[in-house]
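A.B. asks: Got a structure here, written out as structure tokens. Questions coming.
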Amino acid sequence: MKSVRYLIGLFAFIACYYLLPISTRLLWQPDETRYAEISREMLASGDWIVPHLLGLRYFEKPIAGYWINSIGQWLFGANNFGVRAGVIFATLLTAALVTWFTLRLWRDKRLALLATVIYLSLFIVYAIGTYAVLDPFIAFWLVAGMCSFWLAMQAQTWKGKSAGFLLLGITCGMGVMTKGFLALAVPVLSVLPWVATQKRWKDLFIYGWLAVISCVLTVLPWGLAIAQREPDFWHYFFWIEHIQRFALDDAQHRAPFWYYVPVIIAGSLPWLGLLPGALYTGWKNRKHSATVYLLSWTIMPLLFFSVAKGKLPTYILSCFASLAMLMAHYALLAAKNNPLALRINGWINIAFGVTGIIATFVVSPWGPMNTPVWQTFESYKVFCAWSIFSLWAFFGWYTLTNVEKTWSFAALCPLGLALLVGFSIPDRVMEGKHPQFFVEMTQESLQPSRYILTDSVGVAAGLAWSLQRDDIIMYRQTGELKYGLNYPDAKGRFVSGDEFANWLNQHRQEGIITLVLSVDRDEDINSLAIPPADAIDRQERLVLIQYRPK
């Protein structure tokens with residue numbers, strides 16, 4: 001009976017965090033709008049081989065993540081939940097692997113359930129796992145690889161070992177097809193410390209080639225298909241998206257070596273109090289094979305991405321699966337022997353909630369700031385933000401009431417965030433980061449436009465997805481579409497600032513021409529170097545400028 005209650009509680013937890021509130025949040029640009037539009041175009045065109053964005057070749061990532069996103073929109077429609085359905089599914093599958101692997105390592109159902117709840121409630125997992133990017137997919141394949149390698153090395157027969165390594169190769173192959181060759185580097189680096197300490201080199205060398213073969217066979221069909229269709233894909237993807245992005249001096253998203261330290265700290269909420277103890281206990285018990293394995297899968301990817309020049313918080317998502325298992329194991333030990341870490345965790349959550357309440361007041365219309373984040377007419381959003389942090393502090397306090405029994409309620413600290421964050425985003429943020437909001441405000445003007453031009457790829461993708469059209473033209477800036485715009489068949493999809501006046505004269509009689517520009521908050525739009533317009537509609541950071549036929 002207790003198991004049934006636990007299952008009902010877990011399903012209610014998943015529904016409140018990962019299902020019910022998702023549609024209340026508008027899509028963020030540039031990431032969510034980009035991936036939403038790529039998948040929409042894939043469904044509309046029926047081309048499941050070559051990814052396109054705004055009708056242009058888009059080679060920044062392979063295809064598998066787009067497949068899953070497309071299936072999400074196919075099943076649930078072109079809406080906010082449909083766009084995010086794929087990442088939510090991947091996150092829940094990863095949680096299922098956490099459950100299974102914890103159960104296999106320790107044979108403890110309670111520990112397995114706690115590891116799952118900790119994983120799903122970690123701030124970084126929830127933030128990325130409900131956000132339409134490709135990282136939850138690669139995290140799933142990496143965690144699946146972690147489980148597969150363990151299965152292979154623990155098997156007692158050659159058939160079991162062979163099956164495990166073949167499965168490992170499939171997960172690596174799908175990882176390559178999701179986000180590239182990092183799906184090969186991370187598993188290799190993560191298993192080497194364990195193989196070395198356990199002296200399991202013989203099994204690795206005897207059976208490892210099976211993983212290589214199954215990985216190649218997994219990638220080969222699509223790899224050959226896209227090489228035939230687009231011969232320069234692999235050259236661009238390998239040299240530009242891997243070498244330049246991560247290793248060279250001009251790598252994207254450059255950050256210092258210590259970049260991931262604050263990411264780990266913030267991402268571990270509401271379980272931050274368990275982080276030092278989980279890592280220390282894991283190191284202290286390094287003679288235990290399973291502990292070393294989990295510790296290696298936590299630390300090695302973190303070191304790898306710290307050394308790389310290009311960094312983003314999403315890159316280390318897979319580390320938190322093994323970390324959640326270590327945290328759950330340590331938490332049960334602490335609850336039984338010395339609950340000091342659990343008390344510290346409760347106080348950290350109280351402090352975080354109270355700090356958030358104070359910070360919300362400071363940036364509210366009633367605070368001391370001359371330019372508040374929320375305006376007076378957005379009072380309900382301020383109260384939503386206060387509710388988010390109040391619930392966080394409340395559940396932090398509740399875990400202290402009987403810490404040996406109530407510590408696990410820290411999983412409910414982000415409940416207010418999950419339910420209310422979509423209602424608390426300030427209008428000034430929505431107007432710049434949520435193209436859906438802009439489209440809703442300007443729908444009547446946008447809909448009849450013959451041509452739409454914009455200077456932001458993220459906004460362009462949002463307009464294309466909302467209006468169900470892929471012919472948005474880039475104006476002045478090419479951004480990440482630069483490579484696709486270089487193809488001969490992309491001629492006419494970019495208009496420079498100097499060419500715009502002539503282009504306008506040539507196309508004006510064909511219908512309404514709409515220009516959507518991103519501007520600074522205090523920028524005078526009358527100073528823009530564009531021909532006089534027939535209509536201007538400014539929505540804070542985005543401006544709609546229209547030219548009608550003459």
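The backbone N, Cα and C atoms fix where each Cβ goes, glycine too.
According to Swiss-Prot, the protein carries these features:
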type	residues	note
TRANSMEM	7-27	transmembrane segment
TRANSMEM	81-101	transmembrane segment
TRANSMEM	111-133	transmembrane segment
TRANSMEM	137-154	transmembrane segment
TRANSMEM	165-185	transmembrane segment
TRANSMEM	204-224	transmembrane segment
TRANSMEM	255-275	transmembrane segment
TRANSMEM	288-308	transmembrane segment
TRANSMEM	315-335	transmembrane segment
TRANSMEM	346-366	transmembrane segment
TRANSMEM	382-402	transmembrane segment
TRANSMEM	406-426	transmembrane segment
A.B. asks: Which sequence-distant residues neighbour the transmembrane segment (382-402)? Criterion: at least 6 residues beyond either end, Cβ under 8 Å.
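C.D. replies: Beyond its ends, the transmembrane segment (382-402) has Cβ neighbours at 270, 342-343, 345-357, 360-361, 364-365, 374, 408-410, 412-417, 420-421, 423-424.
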A.B. asks: Kindly say whether the transmembrane segment (111-133) and the transmembrane segment (165-185) touch, using the definition of 3 or more Cβ pairs under 8 Å where each pair is 6 or more positions apart.
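C.D. replies: With fewer than 3 qualifying Cβ pairs, these stretches do not touch.
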A.B. asks: Between 7-27, 165-185, 255-275, 288-308, 346-366, who has the most Cβ pairs under 8 Å to the transmembrane segment (406-426)?
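C.D. replies: Ranked by Cβ pairs under 8 Å, first place goes to 7-27.
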A.B. asks: Relative to the transmembrane segment (315-335), which of 7-27, 81-101, 137-154, 346-366 accounts for the most Cβ pairs at distances under 8 Å?
C.D. replies: 137-154
A.B. asks: With a cut-off of 8 Å between Cβ atoms, can you find at least three pairs linking the transmembrane segment (346-366) to the transmembrane segment (165-185)? Only pairs 6 or more residues apart in sequence count.
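C.D. replies: No, the transmembrane segment (346-366) and the transmembrane segment (165-185) are not in contact.
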A.B. asks: Given a Cβ distance threshold of under 8 angstroms, which distant residues of the chain, six or more beyond its ends, lie next to the transmembrane segment (81-101)?
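C.D. replies: Those are 14, 18-19, 22-23, 27, 32, 35-36, 39, 65, 68-69, 71-73, 75, 112-113, 115-116, 119-120, 125, 128-133, 136-137, 139-140, 143-144, 146-147, 150, 321, 324-325, in sequence order.
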A.B. asks: Checking distant contacts: for the transmembrane segment (7-27), what same-chain residues at least six beyond its ends satisfy Cβ-Cβ under 8 A?
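C.D. replies: For the transmembrane segment (7-27), the list is 33, 36, 79-81, 83-84, 88, 91-92, 113, 116-117, 120-121, 126, 129-130, 132, 411, 414-415, 418-423, 425, 430, 434-437, 462, 465.
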